[in-house]
Amino acid sequence: MSIAVETFGFFMSALGLLMLGVTLPNSYWRVSTVHGNVITTNTIFENLWYSCATDSLGVSNCWDFPSMLALSGYVQGCRALMITAILLGFLGLFLGMVGLRCTNVGNIDLSRKAKLLAIAGAFHILAGACGMVAISWYAVNITTDFFNPLYVGTKYELGSALYLGWSASLLSILGGICVFSTCCCDSKEDPATRVGLPYKPSTVVTARATSDESDVSFGKYGKNAYV
């Protein structure tokens with residue numbers, strides 16, 4: 001059962017990592033809203049790297065942010081957290097492939113596989129946590145500007161990339177918990193994987209049984225001889 005759980009957790013974490021990789025370059029982290037605007041000629045959507053605008057004819061123009069130092073602090077922080085999440089996810093994925101008991105990579109014994117799986121699960125949990133913090137931090141700034149009556153700039157709504165990132169982070173955390181929990185549950189010796197010593201029958205009992213059989217046969221022989 002634990003092998004199935006750790007395998008399920010591994011694939012769940014791999015799916016979460018894939019979704020995090022799709023979330024990072026996605027253009028729709030935030031989308032401009034028509035709330036409070038009488039006439040809207042274009043739609044603006046942004047992510048952590050560039051901003052795009054679509055006019056009424058559907059033509060899009062994108063431009064990169066001019067300088068990293070000119071960006072807001074939360075954008076730089078979200079960049080660092082998302083990149084860290086993906087790196088941790090890749091490390092966890094590699095260690096998980098080596099540590100799974102259904103794989104045979106490098107002829108590693110079960111105790112070392114359990115340690116590798118524990119580290120892989122911890123990496124996936126940290127990756128999901130970094131992604132969750134980055135997405136939530138970005139979303140908080142969007143909602144703060146949106147509900148601020150004194151903010152005179154363009155107001156934005158949550159983009160589809162944020163929902164994808166939340167789902168990816170949750171999958172990474174749950175998958176890491178599944179992988180890590182199997183290592184904790186298997187810390188005690190498993191009877192199914194216990195290596196037992198070969199059975200050796202007692203030589204003393206065998207010798208006594210042999211001597212008893214010989215005495216019985218001798219007794220029968222003696223009676224037949226006198227008859």
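Residue numbering: from 1, along the chain as shown.
Note: Cβ is positioned from N, Cα and C throughout, glycine not excepted.
Given the structure is predicted, the values throughout are model-derived calculations rather than measurements.
Both S67 and C183 are recorded by Swiss-Prot, but within differently named topological domains on opposite sides of the membrane. Noted from Swiss-Prot: of S187, S217, the annotation phosphoserine belongs to S217. Among C62, C78, the cysteine that Swiss-Prot records as disulfide-bonded to C52 is C62. Per Cα geometry, M68 is the residue among the recorded positions C52, C62, M68 nearest to S111 (phosphoserine). Through the fold, the topological domain 'Extracellular' (141-159) approaches residues 26, 28-33, 35-36, 44-47, 72, 74 of its own chain, all at least 6 residues removed from its boundaries and within a Cβ separation under 8 Å. Between the CA atoms of C62 (disulfide bond) and M68 (site 'Important for the formation of tight-junction strand-like structures') there is a gap of 17 Å, rounded to the nearest whole number. Under the three-state DSSP scheme, S111 (phosphoserine) falls in the helix class.
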